[in-house]
Amino acid sequence: MTLMKKTSLALSLAAASLLNVGYAETQERYIVKFKPGKGQGVAASVAQGKGRVERQLSAHDAMAVSLPAQALKALERNPNVEYVEADVKRYMMSETIPYGIPMVQADQLSDAAASNTLVCIIDSGYDGQHEDLNHNGAVQGTSDPGTGDWFTDENGHGTHVAGTIAGVANNVGVVGVLPNSNLNLHIIKVFSADGWAYSSGLVAALDACKAAKADRQLDNMVINMSLGGSRSNRTEMRAFEQAFGEGVLSIAAAGNDGNTRHSYPASYDSVVSVAAIDENKAVADFSQQTNQVELAAPGVGVLSSVPMDSAAKSDLTVDGSAYASAMMDGSPIQSVSGDLVDCGTGEASCAASGKVCLIARGNVSFADKVLNCQSNGGIGAVIYNNEPGMLYGTLGETSTSIPSVGISDSAGAALKASLGRADLAVSTDHYAYFDGTSMATPHVAGVAALVWSHNPTCSNSEVRTALASTAEDLGTAGRDDAYGHGLIRAYDAHLALASCTGSSGGGDTGGGGGSDKPGKGKKNR
């Protein structure tokens with residue numbers, strides 16, 4: 001997974017503008033390191049070779065030059081030159097924009113006015129040290145003696161949710177729906193590492209959100225609840241009804257059991273229920289389908305923040321070509337380099353000493369394959385799928401000392417046909433791909449807050465209606481139980497609110513929790 005990508009603009013294009021077209025087409029940029037006191041003579045040699053000095057680096061006895069390729073050898077042989085090297089380009093570094101951000105039109109609205117709005121996240125906490133999350137005064141929280149400090153997150157779920165809502169545009173990692181550190185966040189930690197809480201705890205969290213809104217003197221609040229369960233609760237239902245009547249807009253996950261059962265709090269009339277779709281706008285197979293589903297949003301393969309160094313990523317290159325890979329769950333963090341060796345299905349011995357084993361999926365567990373490679377002296381294992389698609393696997397409880405990854409069937413066939421030099425790395429990361437209606441919910445909560453920030457006099461009911469009425473219809477024409485009214489669209493909802501009156505209305509616009517599924521499904525063989 002590449003989290004920082006090159007943009008198309010170099011940091012400096014000034015030198016190119018100094019050259020005429022014919023001249024520029026024949027020049028290359030170099031840095032010339034010369035002997036002390038010999039810079040003037042070297043500059044003359046550059047000019048003699050029909051080149052030019054672009055920049056003096058006097059403190060380093062060096063200069064940047066543009067030079068025709070045919071003049072390079074002569075300059076390298078100059079007795080006053082220590083070395084000549086390429087003046088390599090440097091590029092602006094930027095975040096990955098997860099596919100869900102443009103899909104919900106979050107990139108079409110500025111969040112400059114978001115300081116008038118509060119999003120209260122009821123979840124597992126917030127990594128207070130994360131490089132890509134806001135740490136200014138706009139982020140506050142409520143700690144609980146039972147679950148711990150709000151700015152910690154043993155589970156990772158809440159930090160992932162927060163990144164989707166408000167991942168910061170700071171040239172690293174990812175960006176959220178509202179990326180410019182203007183949005184007010186309040187974090188309520190109801191989950192510890194075990195990942196469950198009582199409905200009474202959720203009611204208390206709702207009260208804490210309302211208190212935070214009052215303390216911070218903010219008019220509008222959205223509550224994100226990427227959580228749920230299969231049984232309703234009267235106290236909980238009445239609490240959310242009351243909150244809606246007080247102007248709060250509550251958003252919750254429809255659930256991940258892939259059935260037609262209602263999940264709560266999403267299925268209360270006063271709460272917006274959110275289904276999950278993939279990057280092709282198809283409903284996720286795990287997304288619960290009920291008559292309470294109201295909106296749909298990206299919830300499959302969503303990239304966002306997780307607590308620092310709590311995730312892992314893998315990188316595989318063979319003879320300089322990169323191949324997509326997925327770390328085997330349980331693989332040690334390690335980097336190795338060595339020749340690939342074809343070890344078949346990894347059941348028998350192979351000449352793996354000092355090499356990276358290329359192994360086909362099948363017959364025995366992934367753990368046994370990696371252990372066999374290791375016992376034969378292998379330094380890493382690459383296991384390719386025996387069916388179409390990427391291989392996501394686990395070593396279970398087995399401990400190994402060499403890194404291991406899965407790759408697709410097509411990548412495996414290509415590598416088997418042309419074994420080469422492999423560079424394999426499994427390293428820690430601060431970002432991860434999660435699946436779940438939990439991941440769809442913060443897209444909707446973020447968009448609701450973004451739209452509301454542009455239309456602060458609108459009521460929660462008007463915002464809710466606008467989100468539903470402007471959603472992109474998916475699936476069966478009109479509202480359906482899989483997609484609700486469809487894919488949420490920020491810009492279209494903003495336009496629909498141009499003439500809002502601020503009046504409240506009915507709580508239900510036809511619309512959706514269960515445990516969530518972080519990451520891809522892992523297999524052990």
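Every residue gets a Cβ built from N, Cα and C, even glycine.
TrEMBL lists 1-26 with the feature signal peptide.
Taken from TrEMBL, the feature domain 'Fervidolysin-like N-terminal prodomain' applies to 31-86.
TrEMBL lists 115-311 (among others) with the feature domain 'Peptidase S8/S53'.
The active site, charge relay system annotation in TrEMBL covers Asp123 (among others). In three-state terms derived from DSSP, Asp123 (active site, charge relay system) belongs to an extended strand segment.
According to TrEMBL, the feature active site, charge relay system maps to His157 (among others). For the recorded site, His157 (active site, charge relay system), the DSSP three-state label reads helix.
In the predicted model, the domain 'PA' (336-415) has a mean pLDDT of 93. Annotation comment: TrEMBL describes 336-415 as domain 'PA'.
Per TrEMBL, domain 'Peptidase S8/S53' is recorded for 423-486 (among others).
Residues annotated as active site, charge relay system in TrEMBL: Ser438 (among others). DSSP assigns Ser438 (active site, charge relay system) to a helical segment in the three-state reduction.
The region 'Disordered' feature in TrEMBL is assigned to 503-525.
The compositional bias 'Gly residues' annotation in TrEMBL covers 503-516.
The listed stretches are 31-86, 336-415, 423-486; of these, 423-486 has the most Cβ pairs under 8 Å to the domain 'Peptidase S8/S53' (115-311). Helix, strand and coil counts under DSSP for the domain 'Fervidolysin-like N-terminal prodomain' (31-86) come to 22 helix, 23 strand, 11 coil.
In the shown protein chains, 28 other C-beta atoms lie within 10 A of the C-beta of Asp123 (active site, charge relay system). Cβ neighbour count within 10 Å across all protein chains ranks Ser438 highest among the active-site residues His157, Ser438. His157 (active site, charge relay system) sits 9 Å from Ser438 (active site, charge relay system), taking the Cα positions as reference. Looking at Ser438 (active site, charge relay system) and Asp123 (active site, charge relay system), their Cα atoms lie 10 Å from each other.
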